[in-house]
Every structure is written in C-alpha cells, then in structure tokens.
Amino acid sequence: MSRRTRWNGAALAVVMGGTLAAGCGAPGGDAPQPEATGASLAAAPTCGTAPVTLNAYIETGFPLPKELSTEFSKQYPNVKWNIREDQFAVITQNAPRVLADDPPDLMRLPQVSELVKNNLLKNLDGYAKAFGWDSWPASQLEQMRLAPGGKTRGEGSLYAMGLNFSMTGVFYNKKLADKIGMSSPPTTLAELDDAMAKAKSAGITPIAQFNGGATGGLAFPLQDLMASYGPSGPINDWIYQKPGATIDTPSNVQATQHLEKWIKAGYFWKDINAVDYATMMSRFIKGEGLFSFNGDWESGNLDKQMAGNVGFFLMPPVQQGGKQAAMSAPLTYGISSRAKNADCAAFFLNWVATDPKAREIGVKIGGSHPMGPADAPMPEVAEGTVTASTLDAGAKIAQDNGSMDFIANATGAIYAKSWTPQLQKLVAGQQTPEELLKSVQSDYTSQVGGS
Amino acid sequence: MTRPTPDSAVDSPATRPGPAAVTRKRSPARAGGLRTPSRVGWLFVAPALIVYAVFVLRPIVLTVQYSLYRWDGIGPSTWAGLGNYVKVFTDPDLFASILNAVKLIAFFSVIPVVLGLAIASTIRRIAASRLALVARTVLFLPQVIPLVAAGIAWSWLLSSTGLVNQLLGYVGLDGVARAWLGDFSTALPAVGVIGAWVLLGLCTILLLSGMSKIDPSLYEAARMDGANSLREFISITVPSLRQEIGVCVTVTVIAALASFDIVYVSTQGGPGNATMVPGLEIYYLAFSERQVGMASALAVVLMLLVILVALPIQWLTKDRS
C-alpha cells in the first residue's frame, strides 16, 4: 500500500468521523427546562394593537378552528394567522418534536401527560386567574390539569384549553327504529338489549361500529357499558393515572362480558375488524345499522346527511333513573412553552369561550358545547336536530357529574397497542373478557411505571 | 421502506470500482497537468461520500447509540446497556413481529421468483408478438404505482363487499367470502398477496432481461439432442439466470423483512397483532409509544437480520466462473 492511499484512508476516517461526531454523549439534552409555575399576571393580556402573526398548528378535516381564526381577525384586524394543518395521527406523532423545535403559539394537542413531563407546554394558571377561567364548571378543565411532573391528570396546574367540549352517546336511525316499534330512546340497558334483539330478528344490524386498523371502535360501547354497570369516577381515576387505579374491576368485567354477548349475538357487522371509521359513517348514513356509538362531532354532519332521520340518546343506565355518564372531552389546544405570542394566544382561547359570535360558531360548525361559564348565553339551535339533543345531553351529564375522559387516552400507547388488538381478538373469539382487562391493565402498569 | 430498484441491487458498492482503484489507475498520468490527481479523485467522490456519511452512516451510528438508552425522544435519557435487546427477544409481541416478517418471505420472495421464472420464459417464447409487450407492461405496472395507492386499492378489493368476494360469490363460493384483511387467519396471507403482486413484475422483468442474454445456440443444441421445453428450462434457462435470480431473491427478501407501507396502509398491523411486522413495530415504538431506545434496538436487530439473510444468498448465487 502506498503512502498516499494510507493518507487517503486517514482522510476518509476524518471525514466520516466528523459527520458521526454529533452522535457522542447521551441523547436528549435539548429539552426545555421546567417552568416554576404559571406566572401571575397583573391584568388580563390582550393581543395589543401592533401587528402580530399567530402561528397555529391545527387538525385538518375540521373547519372549526379556521372559522374561529377568520372571525377573530375580523374583530382584531392586527392579528394575522399562519396556520399549518395535519391529520390528528400526524400531530400525535409530531407533537413533542414540533413543540421543542418549531414552537407554535397555538396547537391542537394529543394526550398531554408526556408533553408536560418534558416541559413543552406553557403553564396556563396565570391566564386562568386573569381571565377567570377558574370560576367555570371545574369538570370542563379537569382533564387538562396535571400534577407536578405530568404524572397524574385531573388535578394541579392547567396546561391546555378547549375550543369546545364533545359529548358521546348513541345515535340511532329513526326510520329503522320505527320498523321495530321503538318509539322513544331506551331508558335502561335492558330496553336497549331488547331493541337490539328486535332489530336482529327483523334483519337489521343492531349496531354500526368500526373496529379495524389501529383504532378499535368497540372501545366506545365498552366504556359506555362500563359506565352503565359501575360509577364513572374509578374509570376517570384510571385514565388520569391516579396511583393504584385499575381497569380490571368486577363491574368492568361485567361490562366487557356484556359487550361479548353483543358480539356473540351477531349485533355487529361480521367484518367489523376490517371496518374503519369512515366506512362505518358511510354505512350508518346509508341505513345499514340501527345504533351507532359515536360523538357529537358528527352532529352537524348527520343533521345534514340524514336530516330528520337521526336521533341521539345517552347510554342508558342498568337501573331505571340511574346516573348517566358519557365520554366528554375538550377539543384541546395548548400553547408551547417557547411560544412567542403566548399572551395573544391565551386571549384568543378566552375569546373562543366568551365571545357570543365565537360561541355560535363553536356550536354551528363544531356541533359541540362551548366552553365557558355555566350561565353564558347558549346559541340558538333548531328544535328536533341531533345538535339540539346532544347539547341537552351535555346538561344531563353535567347534572349527574358523569363526564369521563376516554379510556383510549390513559397513556400515549394504550389505544393502538392494547385496547385495539385486544378488542379485535374479543371479536374473533380469541380473547375472554376477563383476560382482556387483565392484559390491558398489565400493559398500563408497565407503561405508567416504566416511563 | 425504500423500494428496492433493480439498479440499487445490481450496482452494489462491491461491484463498483472504489476511489482507491480509480486513484491507482490514474496515478501514472501525472504528466496530464494535474499535480495531485488522487486528490482530484477525492473531490469527485466527496459529494456522494458526504451525503452517504450524513444520511446513511450517521443515522446508523446514532441508531446503535440510541438503542443502548431508555429515551422518550425529548427529555433526558438513561443508560440501559443491552436491556433493550434482551426485551426484543423476550417480549412475545416484538418477537412475533419478526416471525411474521419471516413468514412474509414466502409471499414476497418465493411466489414472485417462481412465478416470475414461469412468466418470463412464456413471454420469451412469444417475444415478437404484441401480447408480450402488453404482458410486460401490465406486469411491471405495480412497480410504477405508489405502494400506498396499491395498498388502498387492494384493501377495497379484499373488503367484505369487494371484488374478490363478489367473484367468489359468482362461482358459488359465498361460504369462503370474508373480510380478508380483517380476519385473523387470512390477514397475513392477504398482505402477502399484495406484496407478491407488487414484486412479481420486478422479478419478471429482471429475469426476462437475463434471458435475452442467453445464447440461442444453447437452446438449438439442446433441441437437437431431443430436449423438451421443460428440460431446456431446467438445464439452460435456470442455471444461466443464477445471478438474476440472486438479485430477485435478495431484493424481495429484504422487501419482506423490511416491509412497512403495504402493511401500514392495508391493516396497520391488525387485527390483533396478526400482521405486525418489525418495520411497523419500530414506527409505533418510536412515534406513539415514544420508546426511542427500544425502537432503535429493534431496528438494529432488523438490520442485522437482513444482512444475515442477504449475505448467504449473495454468496450462493455468485457467478463462480
């Protein structure tokens, strides 16, 4: 080997080594440092009068945030928007990196625990005090509160705000209901079972639901059944990662057994494990199922596509007149801990909840209940529409204190890695209700304890 | 998955003259006016080398490094040693995903290569006709279509009301009809069929081009000795195609082991974990479970597995003449 080739070899090593050098040292040094607490503010902040551009990162496919931003700029012409849109799944995967590297002023958020743990979200306590958010019904903000360190949810400082809050329950096809002689929504679980049995023998698929891909839609009826059989409090404790919480309780086993009964009775489509959300919606709209467990984000859509032919009721309790519960979650938006225009973003969030025009957009476009004080004026909604009944349902849930977060939100991975495969196995007869809950609980324990 | 192309597979760095070879060849030409031709040689190579180092070598080194830590991708990390690797082999879900990838080899490699050989020799016989041109184009089409589009189209075909079940219905096989991608027993084979469809064209074209290089006099001589077409195929065609078959098997085995997009689009790993493959598991681990260390360890294991499988294939099909 000549001297030159040896030199070349050395040069190669230097070039390669140089590019690889960045890999030295333990990964993860660039995370933001913790913020002491939400700074207290002398007065409620505003967007001022100087030109300001808010950077927003929102979920594509839902017109609400864009409509709100347009109206906001109309009222406050100095505020311009720079909006980036992605699908929710993409936002979920990108959230930590985007918040760390390219901090938006306002961002649609997935499950927030991990983001708070990494100090990526601004503590909103100061704004809550200045704007008076802490005098709103506590249940509205509960899901966005986190104890120090981001471990337990449901208590502690506020880290996000909702544009509105959604309500889940059961939609039903009125024409098909007439066919089986169901003149009013069922008031007990037994009545619901009865209606399903009648539908089945009339050749109508009782439940239009999805359970394919990475999103097991059977989690909707399952959690509704859990709340019928037992109290909603322990379910929330589990979702909020309170110490010692478990999903494997006797009443939840009963609920899962009930779901299995529905599966075995053939109340779902045979190909439910291959049906995704969009397919379910189009089949339900076409009249291929009597009931569908879903949320009021579809109210506006269903009022348009099945005008006059669709109704909504909350999951009935086991006992007549028992307390009712529903998954109800704010459409969460947060402010990056490194945001440039945090004050203006907070002012916008407050405006969404309190401005009459914004509340009207929230209901008409979003289909869900606006955030804000309990006595805030409600926008007019046409009688007999599904939107009207979902808003009424919201009042009933508030009265029963039955608002729950979704069991899929307990940890970042619990839905795709535990609930979905387990529920798909339950459908295929490869899993028992008892083992299903045990398995989910063991995944949960390792995720909560292990991270 | 970056789709393997015939170019990238055939034109591997091993067959290309390296920078050192270039240097040696050129150094006698000093009188050409350039004082240090070797350095000029390096200049030519530098852009490619830098891109390769930054976008291929650096990520590999970083992945190996990350695999030794527990890290959520943002916050501080803790040293884990080989703990992540132990988990890859002991966690039943993770190991099952590797087994699924191995099962996919039957569909991604065996079917395209065997069927490709049969189709290529058929096309060769009718090479002059217009039918051969049409057949070539139709077979190669899946390579041109983005895999995501192919995945979506196939998930419609295989759905409970899709074309496949309709056809089964016409011939009286309603009993067999099902949601192919949503059934625990058929989901993995159904995904495999999609992969076979995609890779069949690639293999056929590769083998066909290899066949055109075979000396026609060989066939003539064989025919004079009274060989039938099957004998010709076994004694002349297949041995002459050793290298092409090697390339086909290598490319398709890698496609099977490193599969991602077809599975992601058609089943997302479901139902249950019936179609979970390492590529998808790495993605879930890194981006939804935020276990960057675990994801990296699985990625390193996958890379080693690919090398472990691909090297013997290369060795077996090497031209020893």
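Positions of Cβ are set from backbone N, Cα and C atoms, glycine also.
For B:1-32, the entry in TrEMBL reads region 'Disordered'. Residues annotated as transmembrane segment in TrEMBL: B:40-61, B:94-119, B:131-157, B:187-208, B:245-266, B:294-316. What TrEMBL lists as domain 'ABC transmembrane type-1' is B:98-313.
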Stretch with greatest number of CB pairs under 8 Å, the transmembrane segment (B:187-208) reference, B:94-119, B:131-157, B:245-266 candidates = B:94-119
Given the transmembrane segment (B:131-157), which of the listed stretches B:40-61, B:94-119, B:245-266, B:294-316 has the most Cβ pairs that are under 8 Å apart from it?
-> B:245-266
Of B:40-61, B:94-119, B:245-266, whichever stretch has the most CB pairs under 8 A to the transmembrane segment (B:294-316) | B:245-266
